[in-house]
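Peer 1: Mind looking over this structure? Questions follow.
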Amino acid sequence: MSVRELTVLGTASQVPTRHRNHNGYVLRWDREVILFDPGEGTQRQMLLAGVAASDLTRICVTHFHGDHCLGLPGVIQRLSLDRVAHPVDAHFPAGDGEYFARLRHASSFYETAELHERPVLADGQAFETAAGRLEARRLRHPVETYGYRLVEPDDRRMLPDRLAAYGIRGPAVGELARTGHLDLPGGRVLLAEVSAPRPGQRFAFVMDTGLCDAVFALAERADLLVIESTFLTEDAALAAEVGHLTAAQAGRVAAESGVRRLVLTHFSQRYGPATRPKPVAGAPVSGTGPAVAGTVPAAARAAVSTAERFAAEAREHFDGEIVVAEDLIRVPVPARSVSGAATPPAASAP
C-alpha cells in the first residue's frame, strides 16, 4: 500500500520551548523514508511519533546551525544500535562537511550501520532515489544552506474501460506498460490509446533562507511544501536581516508556485505557544471577551492566537490548504487529482 505523509517531529527555531521541540521532519514516500534536519531531541521525538531508526533510508541536512543538526549523533548511533541492515544515505552541504564528521563521531560507539555520505557539492545537484529525483538548491542564509525537492517521474495511468474495449487483461497489461505497445490479432495497440498521463508528485523542503529565486524553484508545483515561517510581518525587517522568511512570504511563495498544501513551521519563540492556553486557577473553562481576559495573564492572552496569526498572514496570499505545524502531527501528501478520489485531511495527530 502506498503511504505518503510527513511526520512533524519538531517545529521550533533556534531553541526548543516547552511547547515545541527543535526541528525534525520525516517524509514517508512509499519505500523511501527521509529524515530532514534532525535537531536536538530528534531521537526521542521519533519514539513518540512511532518512527523507528530502521525505517530511515536517507537523512537530509539543510545547514549546520544547531537547531537543524544537533540530533544527528543520537540518530546515527541508533542506526548502529538497532543493527539497521540497509544502507542509509546522508546529504548535507559539502562546504561544511567537517561539522557532519564531528557530529557523526561525537562520542564513542560501535559503528555497524552502513551510512553513506553524499554531500551536496553544488547548486542544482540531484540524487536518484527510490522515490524519484532529489534536487538541492542553494538558499540565502549566513551559512551554506540548501533546500531539497523530491520529484517523482511522470507516469501513465491505465484506463480500465479502454483496456476492456481492446480485450486486454492479465499479464498483457504489464507487457503493454513495459513495451509501450501490444500486438493483437486486430492490430497494434499503443500505450497512449489505453492510458492517461499521470504527473509525478512533488515535495519541497525549504528551511532557513531569505526570499530568493531558489525558494520559488524548489516550491514549483509542489503537492506538499514544508517551509520556514520564522517571523510574522511585524518583524519583516529582522527576518530579512538574519536570512529568514515571514508567514506572509511563505504564503506568497505557495501561491506563485502553484503549491497544493502548505505547511508552515520553524517558529520564533518570541510569539509564544501556538495553541490557546489553559485558564489559570479560578478562571472560566471556556468563553471569550473581557471576563476571560481578566483572569488570564497578559503574556498568555497575547499568545492565544499565535497559530491563527501565522495562518492569517499566509492566507493573505495563498488560498489553498494551510497547516500551521505542531510537534508530532502527521500531514498527508495530497492525493493525486483523480475524479472520485477523496483528499485526506490536512493534518492529524500521530
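Cβ coordinates are placed from backbone N, Cα and C, and glycine is handled just like the others.
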Peer 1: With ASP67, HIS68, ASP208 listed by TrEMBL as Zn(2+) 2-binding, which of these, HIS19, HIS266, is given for the same site?
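Peer 2: Between HIS19, HIS266, TrEMBL records just one in the Zn(2+) 2 site with ASP67, HIS68, ASP208, namely HIS266.
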Peer 1: To which of HIS141, HIS317 does TrEMBL also attribute binding of Zn(2+) 1 at the site defined by HIS63, HIS65, ASP208?
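Peer 2: Of HIS141, HIS317, HIS141 joins HIS63, HIS65, ASP208 in the Zn(2+) 1 site that TrEMBL records.
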Peer 1: I'm trying to understand the geometry here, so how far is the Cα atom of ASP67 (active site, proton acceptor) from the Cα atom of HIS141 (Zn(2+) 1 binding site), in Å to the nearest whole number?
Peer 2: 14
Peer 1: Compute the mean position of the Cβ atoms of ASP67, HIS68, ASP208, HIS266, which form the recorded Zn(2+) 2 site, and then list in sequence order the other residues of that chain whose Cβ is within 8 Å of it.
Peer 2: SER13, GLN14, ASN23, ASP37, GLY39, THR62, HIS63, HIS65, MET207, GLU228
Peer 1: I'd like to know which of these binding-site residues, HIS65, HIS68, is least surrounded, judged by other CB atoms within 10 A.
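Peer 2: HIS65, out of the binding-site residues HIS65, HIS68, has the fewest neighbouring Cβ atoms within 10 Å.
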Peer 1: So which other residues, same chain and not among HIS63, HIS65, HIS141, ASP208, have a Cβ within 8 Å of the centroid of the Cβ atoms at the Zn(2+) 1 site?
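Peer 2: Filtered neighbour residues, in order: THR62, PHE64, HIS68, LEU139, PRO142, VAL143, THR145, MET207, THR209, GLY243.
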Peer 1: If you average per-residue pLDDT over the domain 'Metallo-beta-lactamase' (21-215), what number do you get?
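Peer 2: Here the mean pLDDT over the domain 'Metallo-beta-lactamase' (21-215) amounts to 96.
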